[in-house]
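Features of the protein shown, as given by TrEMBL:
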| type | residues | note |
| --- | --- | --- |
| TRANSMEM | 56-75 | transmembrane segment |
| TRANSMEM | 87-110 | transmembrane segment |
| TRANSMEM | 131-152 | transmembrane segment |
| TRANSMEM | 164-181 | transmembrane segment |
| TRANSMEM | 188-210 | transmembrane segment |
| TRANSMEM | 242-261 | transmembrane segment |
| TRANSMEM | 282-305 | transmembrane segment |
| TRANSMEM | 340-363 | transmembrane segment |
| TRANSMEM | 383-403 | transmembrane segment |
| TRANSMEM | 409-433 | transmembrane segment |
| TRANSMEM | 440-462 | transmembrane segment |
| TRANSMEM | 501-522 | transmembrane segment |
Amino acid sequence: SPTRNNVVQMHFSTVDYVIFALLLVASSGIGLFYAFSGGRQRTTQEFLLADRSMSCLPVSLSLLATFQSAVAILGAPSEIYTHGTQYWFLGCSYFLGLLIPAHVFIPVFYRLRLTSAYQYLELRFNKTVRICGTVTFIFQMVIYMGVVLYAPALALNAVTGFDLWGAVLAMGLVCTLYTTLGGLKAVIWTDVFQTIVMFAGQLAVIVVGAHQEGGIAEVWRKARNGSRIAGLDLNPDPLERHTFWTLGVGGVFLMLALYGVNQAQVQRYLSSRTEKEAVMSCYAVFPCQQIVLTLGCLMGLVMYARYGEESPLDKGYHLPDMVLYFVMDVLGQLPGLPGLFVACLFSGALSTISSAFNSLATVTMEDLIKPHFPQMKESRATLISKALALGYGLVCLAMAYIASLMGSVLQAALSIFGMVGGPLLGLFCLGMFFPWANSIGAVTGLVAGLLMAFWVGIGSFVGRVSASAPLPPLNNDRSEFLPYNVTSMPSGLQALYSLSYMWYSAHNSTTVVLVGLVVSLLTGPMNEKELTPGTVYPLLGNLLFFLPERFREKLCCIMPLEDKVTNLQ
């Protein structure tokens with residue numbers, strides 16, 4: 001049946017439906033297993049932190065799966081197909097983006113024995129800063145969840161006619177079920193299972209697709225002839241969408257916002273048995289991330305080898321649907337394999353959403369409810385945490401509906417994530433590296449960062465929408481994202497709005513730190529004596545090691561990070 005724009009549709013076989021259903025059943029099964037075994041999720045410590053008993057491997061795969069969502073699985077190949085392999089240089093940012101969390105953020109968070117990353121903000125500043133951080137995070141995750149849930153369902157519906165809201169509801173409800181029943185342990189182990197499914201699905205497509213095109217060498221030759229293989233682009237212009245600098249340097253800030261201070265990831269570090277295992281799990285993510293990125297890029301190249309410039313986009317498909325169209329086209333004759341890829345896609349979505357539910361329940365419980373009811377019984381607290389996970393599950397379904405009214409999905413999700421993740425990263429950096437920053441500075445900085453983020457973000461979005469003439473999409477420039485003619489360079493505000501979305505995180509976190517420091521110095525900087533021990537990482541002390549101690553003392557940057565901080569709760 002032809003649907004929007006007379007798109008030709010393909011159909012799932014029974015085997016595909018069975019494989020897809022098996023994924024949902026297996027995920028629910030893992031959740032039920034942890035609901036009825038072990039401590040049966042009777043304490044908040046077990047429900048929210050898996051009893052701090054997880055080993056390195058499941059934690060690292062879970063860290064990987066959390067942000068390896070369906071948006072990325074659909075987004076990376078279509079990015080490579082349309083713009084070439086420049087995007088692959090994002091891999092350079094993973095190195096610093098994971099080393100810094102491993103050696104700076106994890107030791108600080110782990111030694112303070114926190115449950116929520118935002119407890120840190122109260123220990124370092126005060127309660128107001130903590131609540132501001134928590135509310136900002138809740139806002140960020142709720143929006144992101146909707147996009148993550150809706151994107152794969154939309155693509156599936158466009159290509160196979162699979163019922164759109166049926167898919168959204170199936171995913172949302174299964175996810176809510178195992179997160180609410182099985183707690184963080186269930187979330188981490190389902191992530192492990194889903195990561196394996198993701199790898200299998202992508203590999204199947206690449207192997208079969210490359211084989212049909214005559215081998216990987218032939219794929220590479222076609223991509224090279226179509227000038228899809230990009231060299232190192234060292235253009236320093238921050239307005240270029242993807243260059244080595246925007247991806248390799250801007251990407252570091254995006255990675256820090258994800259792997260350094262995002263509650264969903266911090267919670268996994270904190271669930272590790274020891275600090276060393278937490279650091280090791282962060283290290284283990286590095287090779288996995290590179291593999292995931294490479295798989296996405298290879299898939300984009302195989303796609304290009306198959307279609308060349310005769311894009312499925314001409315048949316009325318939209319960019320995110322293109323990957324699924326290609327999958328159905330390549331694997332359509334092999335019953336079961338399209339189902340595997342769709343399972344891979346939905347695994348990405350499930351792992352991201354379940355982490356969001358769990359981390360949202362954690363911060364709401366620890367930061368917004370517990371402080372008001374210090375006498376609350378453990379059983380009651382656990383029950384409320386489960387109710388919160390359930391509640392956020394329903395909110396997520398509502399957000400998916402709102403996402404259905406939004407436009408370009410990958411860019412939207414990443415931009416929102418960068419918009420809000422950047423200021424939060426700035427807030428933690430302000431507290432961790434600058435001992436003299438005070439709470440007034442922190443709140444003012446965060447507000448300034450968020451205002452800046454939304455001003456630039458909304459400005460660029462409005463600019464794109466009001467773009468009059470459509471520009472040719474396949475040039476390797478910023479044309480499809482920007483309102484102005486490529487020949488005329490933007491100036492003033494227009495230039496700010498055309499900033500590459502990869503710089504959002506860096507730009508916004510820097511705003512927070514600068515504003516925060518200026519305000520702190522004007523309103524009376526904090527003294528090193530007033531700080532809670534263990535909340536400041538001696539970054540400046542390490543950088544300015546050549547200065548005599550009395551100068552460093554004046555700058556208040558010699559406080560060492562304590563090895564064993566006593567429990568401060």
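Any Cβ shown, glycine's included, is placed from N, Cα and C.
Contact between the transmembrane segment (87-110) and the transmembrane segment (242-261) is supported by 3 or more Cβ pairs under 8 Å, counting only residues 6 or more apart in sequence. For the transmembrane segment (164-181), the partner stretch with the most Cβ pairs below 8 Å, chosen from 56-75, 242-261, 383-403, 501-522, is 383-403.
Each of 131-152, 383-403, 440-462 was scored by its Cβ pairs under 8 Å to the transmembrane segment (340-363), and the highest score goes to 131-152. Stretch with the largest number of CB pairs closer than 8 A to the transmembrane segment (383-403), among 56-75, 131-152, 188-210, 242-261, 440-462: 131-152. Stretch with the most C-beta contacts under 8 angstroms to the transmembrane segment (131-152), considering only 56-75, 242-261, 282-305, 440-462, 501-522: 56-75. For the transmembrane segment (501-522), same-chain residues at least 6 beyond its ends with a Cβ under 8 Å from one of its own Cβ atoms are 238, 241-242, 246-247, 249-254, 256-257, 411, 414-415, 418-419, 421-423, 425-427, 429-430, 434, 436-438, 440-442, 444-446, 448-450, 452-453, 456-457, 460. Using the rule of three or more Cβ pairs under 8 Å, pairs at least 6 apart in sequence, the transmembrane segment (56-75) is not in contact with the transmembrane segment (440-462). Here the transmembrane segment (188-210) has Cβ contacts under 8 Å with residues 23, 26-27, 30-31, 34, 50, 54, 57-59, 61-62, 64-66, 68, 73, 178, 182, 216, 218-219, 268, 271, 288, 291-292, 295-296, 298-299, 302-303, 305-306, 326-327, 330-331, 334, 337, 340-345, 347-348, 350-351, 354-355 of the same chain, all six or more residues outside its ends.
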